[in-house]
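Read through the structure below, which is laid out as structure tokens, and then see the notes.
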């Protein structure tokens with residue numbers, strides 16, 4: 001009995017580690033992204049670039065896990081092997097996910113530049129609603145009363161923010177840009193959720209390899225495609241010409257400018273890799289639930305560090321978002337309890353069948 005329990009505890013330890021790095025990385029990355037724009041950064045493509053450009057930091061992990069996998073496969077005792085999909089199929093997947101990542105990150109950059117970080121974070125909570133919809137079509141996710149309750153609450157939360165335009169006190173930002181930021185954030189949330197559901201579907205139907213190396217591949221190669229797309233966008237838009245002047249006039253100095261971009265890239269990679277780990281261990285819906293835990297934290301930090309306005313409407317939107325999140329978490333608790341009961345019943349039935357067969 002000790003070995004199965006130890007395995008179960010190790011699984012929960014992995015889940016806890018992934019969750020911590022996802023929440024912490026996402027919260028810090030969001031605040032650093034807002035800091036870039038607040039201190040004089042203006043390049044949307046640069047803000048998009050750093051969201052994916054940190055992927056080289058994962059290469060040592062990829063080499064380590066890939067070599068471990070090859071050495072395990074070469075041992076005489078290892079008789080089972082997993083057939084990898086064709087290289088052309090993997091290339092198509094990585095390229096498609098990379099393009100989706102580029103588009104979603106660019107919309108996030110517009111949202112973060114035109115909205116207060118508290119409003120931006122609360123709008124990002126709509127990822128759960130989009131993810132539930134896409135998971136219903138692609139991942140056989142069932143709608144339960146608690147999930148429907150969460151969808152309704154998150155929709156109301158976003159609607160409250162939509163009618164709260166005039167109370168945002170956005171100095172220097174016209175109402176039109178606020179609307180663009182609002183729509184871009186919603187579009188980015190939908191794109192991100194679609195990406196997660198398709199990634200889970202790819203793991204189940206195409207890749208079929210339950211290794212962390214496969215998780216890293218799904219992070220590194222699409223990030224490489226997204227980074228190349230951002231470089232093309234940076235030069236095609238002409239924003240590369242303003243980067244030198246942007247660095248010189250950055251509010252906190254040149255060193256702070258570089259450190260802001262570097263740490264933004266690193267924290268995004270930490271959070272995205274942790275999210276892929278949760279997809280691998282559980283599901284895209286669960287990873288999105290954990291990701292949304294950061295959103296109630298960010299508005300509070302935004303009030304502390306950026307002096308964002310937290311009026312009654314925004315507080316109500318925050319309460320509804322947290323309520324919707326708790327509905328999701330409770331549904332996962334019910335699903336986990338039900339699966340344990342079913343597993344115990346199956347084990348007892350198989351044990352009784354073995355006894356009858358012996359007799």
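Note: Cβ is positioned from N, Cα and C throughout, glycine not excepted.
Worth saying up front: this structure is predicted, and the values here are computed from it rather than measured.
Annotated transmembrane segment per TrEMBL: 12-33 (among others), in sequence order. Through the fold, the transmembrane segment (12-33) approaches residues 47, 51, 109, 112, 117, 120-121, 260, 263-264, 267-275, 277-278, 281-282, 287, 290-291, 293-294, 297-298, 301-302, 305-306 of its own chain, all at least 6 residues removed from its boundaries and within a Cβ separation under 8 Å.
For the transmembrane segment (45-66), same-chain residues at least 6 beyond its ends with a Cβ under 8 Å from one of its own Cβ atoms are 29, 33, 36-37, 101-102, 105-106, 108-109, 112-113, 211-213, 216-217, 219-220, 223-224, 226-227, 230-231, 233-234, 237, 239, 243, 261-262, 264-266, 268-269, 273. Per TrEMBL, transmembrane segment is recorded for 45-66 (among others).
Note on the transmembrane segment (87-108): residues 44-45, 48, 51-52, 184-185, 187-188, 191-192, 194-195, 198-199, 202, 206-207, 217-218, 221-226, 228-230, 233 of its chain, located 6 or more positions outside it, place their CB under 8 angstroms from a CB of the stretch. Positions annotated as transmembrane segment by TrEMBL: 87-108 (among others).
As annotated by TrEMBL, transmembrane segment applies to 120-139 (among others). Beyond its flanks by at least six residues, the transmembrane segment (120-139) meets 30, 34, 111-112, 147, 150-151, 154-155, 157-158, 161, 181-182, 185-186, 188-190, 192-194, 196-198, 200-201, 204, 283-285, 288-289, 291-292, 294-295, 298-299, 302, 314, 317-318, 321, 324-325, 328 of its own chain at Cβ-Cβ distances under 8 Å.
Look at TrEMBL and you will find 146-166 (among others) tagged as transmembrane segment.
What TrEMBL lists as transmembrane segment is 178-199 (among others).
Residues annotated as transmembrane segment in TrEMBL: 220-237 (among others). The list of residues near the transmembrane segment (220-237) in space but at least 6 beyond its ends in sequence, with Cβ under 8 angstroms from a Cβ of it, reads 43, 45-46, 48-49, 51-55, 58-59, 62, 90, 94-95, 97-102, 105-106, 269, 272.
Sequence-distant contacts of the transmembrane segment (257-278) (same chain, six or more residues past either end, CB-CB distance under 8 Å): 14-15, 17-26, 28-29, 32-33, 35-36, 39, 41, 46, 50-55, 57-58, 196, 199, 212, 215-216, 218-219, 223, 246-247, 250, 286-287, 290-291. Feature annotation from TrEMBL assigns transmembrane segment to 257-278 (among others).
TrEMBL lists 285-306 (among others) with the feature transmembrane segment. Proximity of distant same-chain residues to the transmembrane segment (285-306), defined by a Cβ-Cβ separation under 8 Å and at least 6 residues beyond the stretch ends, is recorded for 18-19, 22-23, 26-27, 30-31, 34-35, 38, 116-118, 121-122, 124-125, 127-128, 131-132, 135, 139, 141, 193, 196, 271, 275-276, 278-279, 314, 318, 321-322, 325, 328-329, 332.
Among the features that TrEMBL reports, transmembrane segment is placed at 312-330 (among others). Sequence-distant neighbours of the transmembrane segment (312-330) (same chain, 6+ residues past either end, Cβ-Cβ under 8 Å): 118-119, 122, 125, 128, 146-147, 149-154, 156-158, 160-161, 163-164, 167, 289, 292-293, 295-296, 299.
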